[in-house]
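**Student:** Below you will find the structure I want to go over with you.
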Amino acid sequence: MDVTKIKDPSFLKDLSYEELDGLSQDIRTFLIEKCAVTGGHIGANLGVVELTIALHKVFNSPKDKLIFDVGHQTYIHKILTGRAEQFDTLRQYKGLSGFPKLNESEHDVWEAGHSSTSLSAAMGMAKARDIQQQHYEVVPIIGDGALTGGMALEALNHIGHDKTNMTIILNDNEMSIAPNVGAMHNMFGRLRTNSNYNRAKSDIDLFLSKLPGGHKLRDSADRVKDSLKYLVVNGIFFEELGIKYIGPVDGHSYKELEEALLTSKRIDGPVIVHVITKKGKGYHPAENDKIGTWHGLGPYKLETGEVLKGSAQGPSWSQFFSDTVQSFAERDKTIAAITPAMPVGSKLTKFQKELPQQFFDVGIAEQHAVTMAAGMAANGMKPYVAIYSTFLQRAYDQMLHDVDRQNLHVVFGIDRSGLVGADGETHQGVFDISFLTHMPNMTVMMPKDENEAYHLLYNAFYEYEGPIAIRYPRGNGYGVKIDSIPNSVVRGDWEVLHEGTDVIVLSFGPTLKLIEAVREELLKEGVSIEVVNARFIKPLDYHYLAAAAKRNIPVLTVEEAMLSGGFGAAISNHYSDLDLDVHVKRIGIDDEYIEHGDVSMLLDDIGINKANLIHEIKQLAISHEES
């Protein structure tokens with residue numbers, strides 16, 4: 001079948017299992033070919049082809065609400081709802097999103113990008129349905145990794161207590177991004193391999209139904225079956241919560257899927273259908289991935305699966321940070337690394353393998369990761385939490401209440417700080433400055449290159465006190481030479497890279513390379529700018545700011561982050577609080593979410609490019625001369 005001709009999922013109801021198998025193959029071929037060009041979350045999607053098709057065959061979207069947790073596994077859903085023709089633009093600027101989007105299709109009823117939200121959203125939709133006396137099915141689809149998230153467990157507790165009618169799909173592929181960890185994962189493993197319980201339940205029901213008055217006997221046998229399940233399966237977690245359990249179901253068998261889903265619709269109250277799938281199914285490089293490399297990636301060679309490399313000069317920032325921290329940890333057993341299910345993305349797999357006693361993957365549990373680190377710091381350890389900026393948002397209260405308020409020495413490596421590109425608004429790392437800098441004890445830094453990162457990391461562990469956040473971007477470094485011996489860096493001390501007389505430009509991180517290029521262009525036009533590496537976002541360099549105020553020249557701040565509550569706002573507030581008349585111009589992200597696309601195009605949109613910076617600086621210089 002030409003999947004680009006699909007307009008809506010209604011045609012699925014008339015297809016035989018054999019025809020559905022053919023459609024599965026066509027969709028897999030389409031996805032593998034398209035993602036080889038665009039990149040994307042190919043592994044997760046290849047694993048849920050049959051499951052997604054079965055859901056659309058049994059349920060009636062958009063009347064019935066299909067709620068995809070995280071949302072990166074919705075490519076098949078997008079194809080079945082008429083968006084296959086747009087896959088050439090997947091995750092590209094102004095193109096098809098890699099996640100559900102309300103403005104793309106009426107079939108996308110919930111947006112997500114972070115995990116473990118689907119069950120709470122489903123509970124809300126189901127309650128809205130019941131209160132308004134409407135009639136539709138609510139079907140959240142959540143992975144076994146996401147189900148370990150605290151928010152998902154909170155929702156399960158409420159759903160089971162309230163007996164709210166819904167069908168929960170547990171997509172069990174034994175992985176979130178990396179292999180899953182924890183007691184919940186182990187429980188799923190026991191359920192996965194224990195078909196005896198469900199076979200026994202079915203046999204009892206069938207036997208009793210054939211006897212006179214069998215329905216009454218079947219009802220009275222509930223206690224027997226309850227005892228049986230504890231004998232056969234080591235703990236039926238969901239049924240103890242008040243949620244009926246169906247499974248495990250082969251997630252690549254249309255017959256089993258359809259039977260299970262139809263059964264779930266006939267049961268009153270909440271039901272969980274435990275579906276076993278194979279992440280990456282149908283494409284050997286993805287199917288054989290044991291550590292999560294094929295969860296999400298860039299373009300690759302179709303024939304071999306080899307990921308196409310860019311022309312980067314240095315290692316990735318993530319790799320540099322993890323290698324540097326590991327080099328410290330090898331000599332200092334009080335350093336331990338903690339990550340919330342991101343050992344692959346944060347490049348900690350080598351650390352995990354070589355220093356297993358000092359490494360902790362806590363699963364999709366950002367709040368737990370942060371407070372666990374606080375507990376370690378309170379007892380003499382130097383914990384390092386490697387976490388994406390976007391996921392750190394989920395642990396705000398733990399940062400404030402448990403770490404900062406107690407002034408505990410936890411070092412945070414904030415990965416993917418700034419614009420991240422293709423994953424879009426749910427993943428842009430542009431909010432952390434705003435919510436970290438108002439924490440009284442927090443130090444926030446961002447290095448200009450790898451060598452400075454080395455020195456700042458050393459100082460973070462051995463020179464500074466209290467909580468430390470070191471931001472670093474997605475992508476690769478510059479390949480600069482690293483000093484052999486770390487230097488002390490005075491906390492709050494900025495670095496003047498180039499002196500100038502017309503405008504002072506304050507920035508940090510990779511933006512400084514752009515500003516240095518702008519400086520060269522402006523020198524040709526007779527405009528002299530002072531370029532300052534404001535590597536400490538908090539505390540500010542108050543000595544420099546005081547001296548700058550006396551020079552009576554304008555200040556431009558440039559940040560790949562939100563302006564509200566950001567670095568530039570801190571500069572403006574500082575001068576305002578002191579009643580100093582300093583002209584401060586800020587460039588950054590206005591009060592909006594930044595969608596997906598190439599980072600260079602997104603930077604153009606927010607005005608962080610050579611042409612706009614030259615224009616803004618010249619305007620500042622001219623207005624200052626005229627004043």
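Here the Cβ of each residue, glycine as well, is placed from N, Cα and C on the backbone.
Note that this is a predicted model, so its numbers are computed, not measured.
Reproduced below are the annotations present in Swiss-Prot:
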BINDING   H72, G113, H114, S115, G145, A146, N173, Y283, E366  thiamine diphosphate binding site
BINDING   D144, N173  Mg(2+) binding site
**Student:** Quick one, of the binding-site residues D144, E366, which Cβ has the fewest other Cβ within 10 Å?
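**Tutor:** If we count Cβ atoms within 10 Å for the binding-site residues D144, E366, the smallest count is at D144.
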**Student:** Where's the emptiest Cβ shell within 10 Å among the binding-site residues H72, H114, G145, N173?
**Tutor:** H114
**Student:** Considering each pair of residues in H72, G113, H114, S115, G145, A146, N173, Y283, E366, all listed as binding thiamine diphosphate, report the largest CA to CA distance in Å, no decimals.
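**Tutor:** Across H72, G113, H114, S115, G145, A146, N173, Y283, E366, the widest Cα separation comes out at 32 Å.
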**Student:** How far is it from H114 (thiamine diphosphate binding site) to D144 (Mg(2+) binding site), counting Cα to Cα, in Å?
**Tutor:** 14
**Student:** Please state whether DSSP places E366 (thiamine diphosphate binding site) in a helix, a strand or coil.
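**Tutor:** The residue in question, E366 (thiamine diphosphate binding site), is helix (DSSP, three-state).
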**Student:** Between N173 (thiamine diphosphate binding site) and D144 (Mg(2+) binding site), how many Å separate their Cα atoms?
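**Tutor:** Cα to Cα, N173 (thiamine diphosphate binding site) and D144 (Mg(2+) binding site) are separated by 7 Å.
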